[in-house]
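Q: Handing you a structure now.
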Amino acid sequence: MAKAKFERTKPHVNIGTIGHVDHGKTTLTAAITKVLHDKFPNLNESRAFDQIDNAPEERQRGITINISHVEYQTEKRHYAHVDAPGHADYIKNMITGAAQMDGAILVVAATDGPMPQTREHVLLARQVGVPYILVALNKSDAVDDEELLELVEMEVRELLAAQEFDEDAPVVRVSALKALEGDAKWVESVTQLMDAVDESIPAPVRETDKPFLMPVEDVFTITGRGTVVTGRVERGVVNVNEEVEIVGIRQTTTKTTVTGVEMFRKLLDQGQAGDNVGLLLRGIKREDVERGQVVIKPGTTTPHTEFEGQVYILSKDEGGRHTPFFNNYRPQFYFRTTDVTGVVTLPEGTEMVMPGDNTNISVTLIQPVAMDEGLRFAIREGGRTVGAGRVVKIIK
């Protein structure tokens with residue numbers, strides 16, 4: 001039995017299963033955990049189908065999503081795998097960013113070929129910036145005709161190419177059900193799939209390698225030392241004595257130097273992505289900085305007031321609006337740590353947006369917000385979440 005020891009040094013990769021309902025996403029997820037458990041028992045728990053299928057509810061930006069998280073390891077990597085069983089859950093997950101993916105396994109039943117949701121999922125994956133897709137051609141045990149399998153494979157490759165994904169991506173013929181039943185040939189197919197995942201999904205850029213950014217959550221004064229801003233470092237690293245800029249919300253940019261980094265009341269040389277820190281800032285008064293601004297590596301992010309967003313609007317049952325909204329709708333847009341009012345312009349030809357819809361809108365904010373394409377936000381009315389979205393394009 002191959003023994004792989006648990007190493008925290010293994011690269012960590014976030015992946016998920018996507019594809020049409022009933023093509024076997026959840027069964028495949030269960031099969032992967034079983035096959036890897038049998039291969040590396042000390043590294044992996046086996047998860048039964050119904051444990052994954054009964055996806056727990058999660059709240060992300062005020063939206064309830066049913067989503068399952070499983071984790072497993074191959075020899076090379078540690079994976080966190082998300083499976084959103086329902087089609088609506090998948091769409092909500094993609095738009096709200098509840099679980100971001102470094103790559104996805106597109107599950108296509110060989111018996112059906114690509115179906116409408118297959119196309120929709122691939123399109124959404126492109127829109128939200130999933131970097132890589134490879135394919136599990138599931139239920140391949142149920143198709144005897146080699147030509148038919150080749151035809152389905154060709155169709156899937158065309159679909160990937162149409163959305164600018166790698167059309168030479170691995171397409172692995174699997175049978176999740178047979179693998180779960182322990183059929184040796186199909187167990188091997190799942191092993192091959194995971195080898196392909198290891199090899200083809202590129203290693204993600206670590207958050208610490210990106211330029212520094214920290215949203216300001218709180219500001220206070222320490223007598224005799226100066227002003228401290230606290231927050232969770234979103235990306236990058238900040239070192240003591242480095243120059244930073246404070247941007248967003250106000251019209252002007254403030255330059256300053258970090259004279260101290262503190263975490264759990266201890267002084268550090270640096271703060272990095274994921275850390276909850278306090279930054280001591282030189283020459284800054286309490287009123288010079290406020291919640292909702294961001295502290296950044298100089299010149300790496302600019303505040304904007306106009307953008308196009310892709311949004312999901314909560315249905316009435318989800319606690320959203322009971323009525324549609326129209327052009328010039330004025331809700332608050334919650335970015336990172338604060339609400340900013342914005343005016344909505346609907347796409348040409350769209351008269352109104354109904355609760356439960358997903359659509360693209362243009363927004364003009366009354367204050368600038370530091371943003372990049374891909375940044376997530378919630379849409380709120382008086383503190384109640386009515387939708388969620390992501391910045392697709394910055395206009396101004």
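Glycine is treated like the rest: Cβ placed from N, Cα and C.
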Q: Looking at 83-86, 199-202, 327-330, 383-386, which one does Swiss-Prot call region 'G3'?
A: 83-86
Q: Would you mind telling me which of 19-26, 251-258, 355-362 Swiss-Prot tags as region 'G1'?
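A: Among 19-26, 251-258, 355-362, the range Swiss-Prot annotates as region 'G1' is 19-26.
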Q: For a quick check of understanding: among the binding-site residues Thr26, Ser140, which residue's Cβ has the most other Cβ atoms within 10 Å?
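A: Its Cβ has the most other Cβ atoms within 10 Å: Thr26.
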Q: Using DSSP, break the region 'G4' (138-141) down into helix, strand and coil residues and give each count.
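A: Secondary-structure breakdown of the region 'G4' (138-141): 2 helix, 1 strand, 1 coil.
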Q: For the binding-site residues Lys25, His87, which one has the sparsest Cβ surroundings, going by other Cβ atoms within 10 Å?
A: His87
Q: So for Asp22 (GTP binding site), how many other CB atoms are inside 10 Å of its CB?
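A: The answer is 12.
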Q: Have a look around Gly19 (GTP binding site) and count the other CB atoms within 10 A of its CB, chains all included.
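A: Gly19 (GTP binding site) is surrounded by 25 other Cβ atoms within 10 Å.
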Q: Roughly how many Å separate the Cα of Ala84 (GTP binding site) from that of Thr26 (Mg(2+) binding site), to the nearest whole number?
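A: If we compare the Cα positions of Ala84 (GTP binding site) and Thr26 (Mg(2+) binding site), the gap is 8 Å.
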Q: Which of the three DSSP states, helix, strand or coil, fits Lys25 (GTP binding site)?
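A: Looking at the DSSP assignment, Lys25 (GTP binding site) belongs to a helix.
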